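Enquirer: Not my notes, these are from TrEMBL:
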TRANSMEM  57-79  transmembrane segment
TRANSMEM  99-132  transmembrane segment
TRANSMEM  153-183  transmembrane segment
Amino acid sequence: MAYQTLQQEYLQIPVVTRAYTTACVLTTAAVQLEIITPFQLYFNPDLILRNYQVWRLITNFLFFGPVGFNFLFNMIFLYRYCRMLEEGSFRGRTADFVFMFLFGGLLMTIFGMFVSLVFLGQAFTIMLVYIWSRRNPNIRMNFFGLLNFQAPFLPWVLMGFSLLLGNSIIVDLLGIAVGHVYYFLEDVFPNQPGGGRWLKTPSIIKMLFDTPEEDANYNPLPEDRPGGFAWGEGQRLGG
């Protein structure tokens, strides 16, 4: 019974979020079990171009380090904000969501060549957080009971937290930069005088991923309703 309930809950996760988070967990498990090593996964342009190890273009987004606080922290944020985007502003637009993944991944890969980053999963998570936060500007957030702020400040708060932990902020800055490029091209520029939509999902992606129209009686998640979560004064992160 417990297994069936767990399976049911798992299958209710939107398809893109389910696929990505599962791939991240399985990759980390494979490294922990010493089936593979991080040296087979990291981003290395020379090995990709000269040795045709093209899988590195994908695997560097799937590994967040060994199981520990950093891994759990990243996975919680990845799952949460990826799902909220897929069930929120991208609901019924799976093809557009996949295209956002591809666009963000490509841009990060290009930038990653110049900043010598070997794993880009954390930057990708920050990108998702940034896009969600800009599309939900009125939601109040609460960080560990210490800070109260509007959602658009969340990526910067996370960057500050990273700095306090002694981590490099280059990863966070890359995620914010790529997230802002997507947000500007998709949400801002088309609404400007003389602007237009530059990001158009290719028809082949639409053909593969577009789904039938959603149920009109769909009941959105609490965080997608006006006012966000009913968690006291705001959302509490990290506890």
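From the backbone N, Cα and C atoms, a Cβ is placed for every residue, glycine too.
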Enquirer: Determine which residues of the chain contact the transmembrane segment (57-79) at the Cβ level, with the cut-off under 8 Å and only residues 6 or more beyond its ends counted.
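Expert: Contacts with the transmembrane segment (57-79): 17, 20-21, 23-25, 27-28, 31-32, 38, 40-43, 48, 105, 109, 112, 118-122, 124-125, 128-129, 158, 238.
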Enquirer: Any residues 6+ beyond the ends of the transmembrane segment (99-132) with a Cβ under 8 Å from its own?
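Expert: Tertiary neighbours of the transmembrane segment (99-132) are 16, 20, 24, 38, 41-45, 57, 60-65, 74, 77-78, 81-82, 84-85, 88-90, 151, 154-155, 158-159, 170-172, 174-183, 186, 199, 201-202, 205.
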